[in-house]
Amino acid sequence: QKMPPSLPATINIREPRWDQSTFQGRAKHFFMVTDPRNLLLSGATLEEARRVVEDYRAGTVQPGLTEDQLWRAKYIYDSAFHPDTGEKMILVGRMSAQVPMNMTITGCMLTFYRTTPAVLFWQWVNQSFNAVVNYTNRSGDAPITPSQLGTAYVSATTGAVVTALGLKSLTKHLPAIIGRYVPFAAVAAANCINIPLMRQRELKVGIPVTDENGNRVGESTAAAQKAIFQVVVSRIGMAAPAMAIPPVIMNMLEKRAFLKRYPYLNAPLQVGLVGLCLVFATPLCCALFPQKSSMPVSSLEPEVQDQIRKKDPWLETVYFNKGL
């Protein structure tokens with residue numbers, strides 16, 4: 001029996017499989033990255049994927065390895081290990097946990113929005129989860145201190161809860177359907193607070209910027225600002241369909257005899273509707289901007305420009321991991 005031909009060591013697995021300059025290519029990539037089935041993979045499977053990827057990057061091709069197997073290993077590796085630090089990410093902080101975690105939390109936020117204790121509890125749960133996700137998917141490899149982490153978490157959670165309660169009191173005398181959108185407004189506002197706070201170190205000291213070959217040429221706070229802005233927009237977009245469409249459907253269903261007869265189906269129905277929206281919204285909104293973002297050297301801070309000019313006078317564009 002003939003052995004399959006050995007795989008060439010020239011496939012660039014540092015980049016995604018599909019063209020990231022197109023939305024379609026980025027969407028295919030993120031459908032793989034956010035696939036919830038990745039959460040079910042064993043530690044041994046993750047370590048095997050890491051070994052295949054690291055060996056291949058070092059120029060060692062395992063006998064009999066096919067291109068499809070290599071890409072599968074790369075996506076398993078990417079789903080569990082941080083792109084800058086290489087460390088294994090916290091399970092609930094991984095992008096593959098976004099759909100199951102968010103559908104549960106968002107479904108409960110949309111179901112239990114009528115009482116103040118419920119608003120407080122579910123906004124706290126949501127921001128605690130977001131804090132874990134934002135820390136896990138930060139850009140760069142610089143450590144963040146426990147005190148910075150604590151300050152960011154408390155500030156973001158307080159901001160979300162205050163926003164939710166403030167909006168809830170404003171909508172008391174408005175139609176019921178308006179009240180249903182309070183959780184979305186609070187989540188959108190909280191994302192604008194939580195993400196910059198959890199990634200404040202990047203805004204202070206910058207994130208690594210590289211040339212197109214991945215060679216590090218400096219750290220830039222301007223790149224960090226662009227990265228965080230793009231992530232905030234993506235996250236709000238991700239939440240929008242899941243928090244905008246189910247309330248309309250649930251508002252209609254609650255007027256029917258079926259839900260009046262079986263009110264306990266309210267929460268499972270809401271969670272299911274949110275999950276259906278998130279399966280598509282999560283990868284498609286992650287794909288709004290390239291993961292490997294870029295900006296002209298002329299848009300960086302003057303001191304970083306000078307530093308780059310000394311290293312490479314002809315470099316016009318730098319690249320950076322925007323985080324997720």
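Even glycines carry a Cβ here, placed using N, Cα and C.
It should be emphasised that the depicted structure is a prediction, and the values quoted were computed from it without experimental measurement.
According to TrEMBL, the transmembrane segment annotation covers 227-249 (among others). Within the chain, the transmembrane segment (227-249) has long-range Cβ neighbours (under 8 A, six or more residues past its boundaries) at 98, 102-103, 106-107, 109-110, 139, 177, 180-181, 183-184, 187-188, 191-192, 195-196, 199, 202-203, 207, 270, 273-274, 277-278, 280-282, 285-286, 288-289, 293, 320-324.
Same-chain residues lying 6 or more positions outside the transmembrane segment (269-289) and placing a CB less than 8 Å from one of its CB atoms are 23, 26-27, 29-31, 33-34, 95, 98-100, 102-104, 106-108, 110-111, 230, 233-235, 237-243, 245-246, 249-250, 253, 259, 322, 324. The transmembrane segment feature in TrEMBL is assigned to 269-289 (among others).
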